[in-house]
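Down below is the structure, laid out as structure tokens.
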Amino acid sequence: MDNIVLEAVSINKYFYDPVKFRVLSDISFKIEHGEFVSVAGKSGCGKSTLLYILSTMDTDYEGELYLHGEALHQKTANDLARIRNEKIGFVFQFHYLIEEFNVLKNVMLPGLKLAKHSRPELESRALNHLKRLDVADQALKMPHQLSGGQKQRVAIARAMINDPLVIMGDEPTGNLDKKNSDLVFAIFRELCQDKKQSLLIVTHDTDFALRTNRTIQMEDGKILS
Amino acid sequence: MPASLSLKIALSLLRARLGQTVVAAAGVTFGIAMFIALVSFMTGLNKLLDGLILNRIPHIRLYQEIKPSPVQPVDLSKKYRRHQNFIRSIKPRDRGREIRNSQLIMRAIQADPQVVDVAPKLVTQVFYTTGTIELGGVMDGIVPAAEENLFRLSDYVITGNLNDLTTVANSIIIGKGIADKMLVEPGDIIQVSTGMGQQALLKVVGIVQFGIAEIDNIQSYTALSTAQKIQGKPPAYITDIQVKLKDITQAPAIGLEYAKLFRLEAMDLQKANTQFETGSNIRSIISYAVGVTLLIVAGFGIYNILNMLIYEKMDAIAILKATGFSGRDVRFIFISLSLIIGIAGGILGLGLGYVLSVIINHIPFQIESLPTIQTYPVNFNPLYYFIGISFALITTYIAGFFPARKASKVDPVVIIRGK
């Protein structure tokens, strides 16, 4: 039990517009600590929908969800926000860096919100992450001055700043060319191997999925394997 | 979440749209500045105009009214007590206009802790005679020092000195209108005759001008003792007791009390001058309405700009929420954004409003009837600055509240999926 980071128990989700439609049916799985899991499937199979439920941003579902043994399906929106801040890191297809802040501040932002570490400490942590991802020299630039691959690496650094239990990715390589995709994958694998970081990545890139520890195949809202 | 972080985020968002922010803040600045300048100027003018009239009127005036006796002889008759008595064409009883026991009454009023000062007056209908011309008028016998305390009479004495009434025997200060008509100057002698036929020669020691032609054409002042002497009355003979109160709003109540106590008629300032109160109230309402309208318009400006900002920064809001900022945090960010605009614009507005008031206060405004006024009057009351800034903060808070609520309800899933 202690080794399980994320557990989903028979999750069901419906869309009501324009007609009632079952997007996810009886999704149950577990992710163990330090696992690198990918969720693969064709476009429209519900894998992103699943990720948003797992990420606690979408609360309109049936079923149970546990993060490190903590039940998430009954929490209030404010509690969930705090849990997201502290325990979950995100990388999206689009980088979502805030244009008004420089790279370093963008990385520090979730940490400043958590306020667990002092500002100088956060700064050095953020710089360490950026160094590990090989973008430390961009730290004081504004996001629009960076290339797409660099932005995505900054987004990964931001996801790592609070040492989350799990990092979730929604097509993190979807907007990147082959070279940058490989780079991002390498970073994820390194995180998994070196820091025992649990990762849950949604992708339609079979090549990417095959290289992870475990792949959850989805089709029509169901888990195939 | 540390508030400083929210403020920092708010400031960064503002910096991203510096142009619009400045415009929004300028709206608030302009609104407050105009509100302050307008209200200060209006109330300044009100005070001046009201002062023209009200300074001349005691808070309470006690006098003996000429009226029919309330108890007629037939009412005393036992025989007709149970009858309904109709009496026509009653003539007022001649009790004279003298206030009996005036010295005691004045001492009693003076001892009242609610009273600032009390002044006696002897009002006499007179004719000012020069050559063959006779001008009707009113001559008040006064105690100059007391009159000065109550009405600052010396402000209106344009030539001569009020105190000369006591130092120079048989002296008179006449209204500007009379002086102009009779072509007299201080030092000249004029003849005054009362309605009862007494006559006296009085030396003009000053000219008084209130700026109201109707009064300047009839009014003159002499020492109380001179007035009594002309009419052949004893030194206690007066017709009016004028009272100045510490709290002017108490005038009707205290007036009523005195009237009952001393069996006199009491006229309080509010009763005598309802129309002035109404006039100044309406002027205040208009200036408040204009100022408040300006601020509300500024509020709409802020509302628009924040709404646009939210649409533009949807991504930033989504990622803030995805990384753990709660709806409350986001709302706080946008409300502080609005309040930053409000406070910055408001403080500048206070400054600009003060500057405008000072400028207005230096514009020359000289009219013959107002000898003490050199420039436009402005009322520098800190209260208006307080009202201005409070209203600015309330408006900007409300203007920020709705966009902020909208931002707090942004669903990050919808935004992130959309990409």
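Think of each number as a place in line: the chain as shown, counted from 1.
Each Cβ is built from the backbone N, Cα and C atoms, and glycine gets one as well.
Automatic, uncurated: that is what TrEMBL annotation is.
What TrEMBL records for B:21-253 is domain 'MacB-like periplasmic core'.
Per TrEMBL, the feature transmembrane segment maps to B:21-42 (among others). For the transmembrane segment (B:21-42), same-chain residues at least 6 beyond its ends with a Cβ under 8 Å from one of its own Cβ atoms are 14-15, 283-284, 286-288, 290-292, 294-295, 297-298, 301-302, 305, 341-342, 344-346, 348-350, 352-357, 360, 376-381, 384-385, 387-389, 391-392, 395-396.
Annotation comment: TrEMBL describes B:285-311 (among others) as transmembrane segment.
Look at TrEMBL and you will find B:290-412 tagged as domain 'ABC3 transporter permease C-terminal'. DSSP places the residues of the domain 'ABC3 transporter permease C-terminal' (B:290-412) in helix, strand and coil in these numbers: 96 helix, 2 strand, 25 coil.
Here TrEMBL flags B:332-363 (among others) as transmembrane segment.
As annotated by TrEMBL, transmembrane segment applies to B:383-402 (among others).
Counting same-chain residues at least six beyond the ends of the transmembrane segment (B:383-402), those with a Cβ under 8 angstroms from any Cβ of the stretch are 28, 31-32, 35-36, 39-40, 43, 291-292, 295-296, 298-303, 306, 334-335, 337-339, 341-343, 345-347, 349-350, 353-354.
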